[in-house]
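Peer 1: According to TrEMBL, the record shows the following:
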- 6-30: transmembrane segment (TRANSMEM)
- 51-71: transmembrane segment (TRANSMEM)
- 83-106: transmembrane segment (TRANSMEM)
- 127-151: transmembrane segment (TRANSMEM)
- 157-179: transmembrane segment (TRANSMEM)
- 191-215: transmembrane segment (TRANSMEM)
- 235-254: transmembrane segment (TRANSMEM)
- 275-302: transmembrane segment (TRANSMEM)
- 384-405: transmembrane segment (TRANSMEM)
- 411-430: transmembrane segment (TRANSMEM)
- 437-456: transmembrane segment (TRANSMEM)
Amino acid sequence: MGSEKFMLSAADYIIFAAMLVVSAGIGIFFQLTSKKKTNEEYLLAGKDMSILPVAFSLMATFMSATTLMGIPAEMYLYGTNMAFMNIGFIIGPIITSYVFLPIYFANDVSTAYEYLEKRFGQMTRKITSAMFAIQTLFFTSATLYAPALALSAVTSLSMWMSVISVGLVCTFYCTLGGMKAVLWADVFQAVLMFVCLFAVIVQGCLLLGGIGNVFEIADEGGRLFFPKFSFDLGAHYTIVNIFAQGMIITMSSYGGGQCQVQRLMTLRNLKRSRIATFISIPMIVSFQLLCCLCGLVLYAYFRYCDPMTSFNKPIHSADQLIPYFISTTLDHLPGIPGLCICGIFSASLSTVSSAINSLASVATEDFIKPLFPKLNVTSFHTKIMSLVFGIICIALSFIIASLGHLVKMSVILYGNLAGPNLAVFLLAACTTTANEGGVILGIVLSIVLASCLSFIPENKTDPFLPLSNECTSVELAQLNSSFTSEFSNLQNYTNYIYSNATATPFNTKQQMKCEY
């Protein structure tokens with residue numbers, strides 16, 4: 001990397017540590033205050049949770065750190081395509097709340113896959129549970145590793161210390177406090193996630209002269225448009241695949257994903273579970289739209305000096321844009337970069353903690369109990385499973401780091417298993433003639449087909465939208481003034497120039513050079 005890394009201040013580290021301490025403290029609190037030590041209390045919070053924390057948890061679990069950093073990157077590179085996925089995000093949960101939730105409550109299941117055994121047979125339950133465990137383990141490990149990698153690339157934050165500290169704290173409060181700790185920690189972490197997005201958007205709008213200028217610049221740069229209508233499987237984005245992605249992701253998650261289903265089953269009845277689902281929808285859409293707006297802000301700010309292609313390439317991938325923007329524009333505000341970093345890692349914590357808790361539930365309910373029917377499975381056994389899965393996720397993060405392509409493969413694996421998983425639940429809920437043999441054959445064939453489609457090359461006529469790298473070294477130095485902290489006099493000088501140069505938005509590159 002051509003630039004110095006942004007050195008986090010003591011205030012930033014204190015805030016980051018405080019976030020981890022609060023998360024761990026939530027686990028300790030619920031361990032000490034839990035009156036019932038039953039497995040139902042540990043995994044389903046006694047089925048007596050309030051609606052609002054469950055809704056927050058549904059949103060925080062669904063939106064990971066890869067969402068927080070990945071969607072702005074996609075907007076920066078491809079324009080407003082991703083914003084239209086919200087249509088599917090609205091419709092999918094509504095469908096599942098009327099198709100699947102009544103079945104789960106009628107059968108009083110602990111895991112979603114318990115219902116599949118009642119509908120098809122024990123083998124179907126084991127296969128789908130194993131599919132969930134495999135896809136969740138790899139995706140969760142990638143979720144833990146990806147933000148640490150992006151942040152370590154532009155800040156002094158150690159990647160391995162980040163992975164280990166976040167992973168251990170997450171495992172700690174999941175193991176101690178169970179589902180109640182996870183739900184309330186998700187509420188705390190969801191707030192930090194929104195704070196991070198608001199900080200980026202507000203700072204960007206202040207530097208660019210208002211949100212109106214952001215949209216004007218994005219429009220001039222060709223970032224505002226409606227997705228094309230096409231059935232081309234190799235195209236990066238079309239209105240068809242965007243809508244299908246939104247529908248399949250949410251229906252698979254809310255209908256056949258243990259992470260979301262387990263949260264919905266912590267409520268005492270179907271009505272309250274539906275209300276939590278409906279409340280989570282605007283939360284998810286709001287978060288997604290804020291991520292999209294972040295992407296437009298990033299494009300407007302870097303429109304003449306793309307940091308990925310400029311003379312010294314301070315960053316090398318688009319998912320580093322948000323950390324890079326934070327480190328170069330908010331560095332003069334003590335503690336604010338640390339607060340934003342907390343928001344990014346909170347997105348990881350919420351997803352990872354939900355996964356660990358759900359993996360422990362699937363392991364005990366779908367595998368241990370059927371294999372050892374005489375064993376009296378208690379919360380102690382489930383806590384051991386939470387601890388084991390937490391350690392496995394951390395270990396897999398190290399493996400993914402040593403084999404970088406596994407990050408992409410983890411996402412592909414998640415998608416290839418999520419579709420067949422949803423199909424099984426739809427067959428179970430919507431048909432009466434499907435049997436176990438046909439379902440298992442369908443799972444195998446659909447995984448093979450999905451895997452083949454994953455390797456269809458993307459259409460090479462669908463490149464990134466235009467990016468500018470015509471700025472001079474002086475101009476980029478002014479944008480990256482925080483990276484010259486080693487030279488204090490130059491730092492003060494460039495900060496002064498930068499503050500005056502960005503007081504009003506520039507309409508042309510020539511005007512920008514004239515002002516400088």
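Heads up, residue numbers simply count up from 1 along the chain you see.
Cβ coordinates come from backbone N, Cα and C, glycine included.
I'd like to know what surrounds each of these features in this structure.
Peer 2: Beyond its flanks by at least six residues, the transmembrane segment (6-30) meets 154-157, 165-166, 169-170, 172-178, 180-181, 184-185, 188-189, 192, 327-328, 331, 334-335, 337-339, 341-342, 345-346, 349, 482-483, 485 of its own chain at Cβ-Cβ distances under 8 Å.
Cβ atoms under 8 Å from those of the transmembrane segment (51-71) belong to residues 82, 142-143, 146-147, 150, 182-184, 186-187, 189-190, 193, 196-197, 250, 253-254, 259-260, 263-264, 266-267, 272, 275-277, 279-280, 283-284, 287-288, 291-292, 294-295, 319-323, 343-348, 350-351, 354, 411 of the same chain, restricted to positions at least 6 beyond its ends.
Note on the transmembrane segment (83-106): residues 75, 112, 115, 226-227, 239, 242-251, 254-256, 261, 264-265, 269-270, 273-274, 277-278, 280-281, 284-285, 288-289, 292, 425-426, 429-430 of its chain, located 6 or more positions outside it, place their CB under 8 angstroms from a CB of the stretch.
Taking Cβ pairs closer than 8 Å, the transmembrane segment (127-151) reaches residues 64-66, 68-69, 111, 113, 116, 157, 159-160, 162-163, 166-167, 256-259, 317, 319-320, 322-323, 341, 344-345, 347-348, 351-352, 355-356, 358-359, 362-363, 366-367, 389, 392-394, 396-397, 399-401, 406-407, 409-411, 413-414, 417-418, 420-421, 424, 440, 443 in its own chain, all 6 or more past its ends.
Counting only same-chain residues 6+ beyond the ends of the transmembrane segment (384-405), those with a CB under 8 A from a CB of the stretch are 137-138, 140-142, 144-145, 149, 159, 163-164, 167-168, 170-171, 174-175, 352, 355-357, 359-360, 363-364, 368.
Proximity of distant same-chain residues to the transmembrane segment (411-430), defined by a Cβ-Cβ separation under 8 Å and at least 6 residues beyond the stretch ends, is recorded for 66, 99-100, 103, 112, 115-116, 119-120, 124, 128, 131-132, 134-135, 138-139, 142, 248-249, 251-253, 255-257, 439, 442-443, 446-447, 450-451, 454.
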Peer 1: Same chain only, please: residues at least 6 beyond the ends of the transmembrane segment (157-179) with a C-beta under 8 Å from a C-beta of the stretch. Say none if there are none.
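Peer 2: Hits for the transmembrane segment (157-179): 8, 16, 20, 23-24, 26-31, 34, 41-45, 144-145, 147-149, 151, 185, 262, 266, 341, 345, 348-349, 352-353, 356-357, 360, 379, 382-383, 386-387, 390-391, 393-394, 397-398, 401.
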